Structures are given as structure tokens and as C-alpha cells.
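Engineer: For reference, the structure I am asking about is given below.
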Amino acid sequence: MESRLPTRSKTPKIGARNTRQRSAVVEVLKDLDRFASAQAIHRELMARGQKVGLTTVYRTLQTLTDIGAVDVLSSNGETVYRHCLTEHHHHHLVCTKCGRSEEIDGGPVEQWAKETAAQHGYQLGGHDAEVFGICPLCASNDQINNQNANHNSNAAE
């Protein structure tokens with residue numbers, strides 16, 4: 001059973017102060033289908049000819065986090081950000097090769113978290129659950145690379 005998450009309107013929340021820099025950061029986030037670090041977002045801004053300082057990127061990302069406009073993960077000790085597509089609580093499926101991500105409904109996770117907390121006498125205050133794996137594109141590329149490697153090693157014999 002596939003669950004479709006409602007999508008946020010085309011215009012993302014960007015906070016009360018709609019500055020040129022904030023709009024530029026939001027545009028980069030909207031164009032990415034993966035989580036990205038502040039440094040990667042800054043590099044993309046520079047590649048697009050946008051003059052936004054790294055400190056401004058960090059401040060903007062913090063503001064966007066505070067208003068719920070971005071999702072935040074910790075990946076290999078680094079904080080990464082992604083434009084949040086839904087208004088409600090959700091989880092992410094994240095590719096460990098390319099970083100691509102998808103928002104997923106966490107219904108079963110929500111129920112499990114409540115039951116687990118109750119079983120141990122806890123009052124659930126919140127939870128974090130992300131699912132990591134290899135996306136279809138990376139899996140397909142790996143399969144092709146493995147086939148080519150096998151073909152090349154057989155040809156060398």
C-alpha cells in the first residue's frame with residue numbers, strides 16, 4: 001500500500017523577512033532532490049552567480065529550520081538540509097550513495113514509537129527515524145559497473 005504525502009504549495013515558507021539572499025537559498029533548496037550541507041548550498045549559490053556569504057547561508061538555514069521550511073539530518077557528523085515538502089510530521093528515505101531523498105509517511109513508525117514508549121512506561125516526547133539505503137538509480141549504476149568489471153576481467157583472461 002503506497003501512501004502519498006500531500007505536497008506543500010509551490011511557494012515555500014521563507015519567513016517574515018524575504019531578502020534576496022534568503023530567496024536565493026530557498027531556490028537552491030527547492031532545486032535539489034537531496035539533502036545538502038551549508039557548504040554545498042553555498043557552492044551552488046556561487047556557481048549560480050549569487051553573492052551570498054557562507055555565514056548568511058548558515059543563518060538563513062537556521063531561520064528556515066526554525067519556521068519548519070527545511071528538514072534537517074545529521075549525516076556523517078555533518079548537518080544537512082532539504083526543502084520540506086509537507087506540513088506534517090514525516091520521515092525520509094535517503095540514498096547513502098548520492099544523497100537523494102524522499103519524504104515518506106511514517107504511520108507504522110509513529111505507532112511503534114508510541115507502543116515502545118508505553119511498554120517502558122515513558123511518555124513519548126518525540127522521535128527521529130530516517131531510512132537509509134541505495135536509490136534505484138545508484139543501484140542500477142552499481143549493477144552496470146559490476147557487469148562491466150566482470151566483462152573486463154573475463155576479457156583479460
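Glycine is treated like the rest: Cβ placed from N, Cα and C.
Residues or ranges marked as region 'Disordered' in TrEMBL: 1-20. Residues annotated as Fe cation binding site in TrEMBL: H89, E110, H127. The Zn(2+) binding site annotation in TrEMBL covers C95, C98, C135, C138.
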Engineer: Are there any residues at least 6 positions away along the chain from C98 (Zn(2+) binding site) with a Cβ closer than 8 Å to its Cβ? List them or say none.
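Structural biologist: For C98 (Zn(2+) binding site), the qualifying residues are R34, C135, L137, C138.
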Engineer: Determine the most Cβ-crowded residue among the binding-site residues H89, H127, using a 10 Å radius around each Cβ and all protein chains in the structure.
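Structural biologist: Within the set of binding-site residues, the most crowded position is H127.
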Engineer: Whole-number Å distance between the CA of H89 (Fe cation binding site) and the CA of C95 (Zn(2+) binding site)?
Structural biologist: 20
Engineer: Between C95 (Zn(2+) binding site) and E110 (Fe cation binding site), what C-alpha distance do you get in Å?
Structural biologist: 22
Engineer: Out of C95, C135, C138, which of the binding-site residues has the smallest number of neighbouring Cβ atoms within 10 Å?
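Structural biologist: Comparing Cβ neighbour counts within 10 Å for the binding-site residues C95, C135, C138 gives C138.
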Engineer: So which other residues, same chain and not among H89, E110, H127, have a Cβ within 8 Å of the centroid of the Cβ atoms at the Fe cation site?
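Structural biologist: Sorted by sequence, the hits are H91, G106, V109, A113, G126, A129.
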Engineer: If you run the three-state DSSP split on E110 (Fe cation binding site), which class comes out?
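Structural biologist: Going by the DSSP assignment, E110 (Fe cation binding site) falls within a helical segment, counted as helix.
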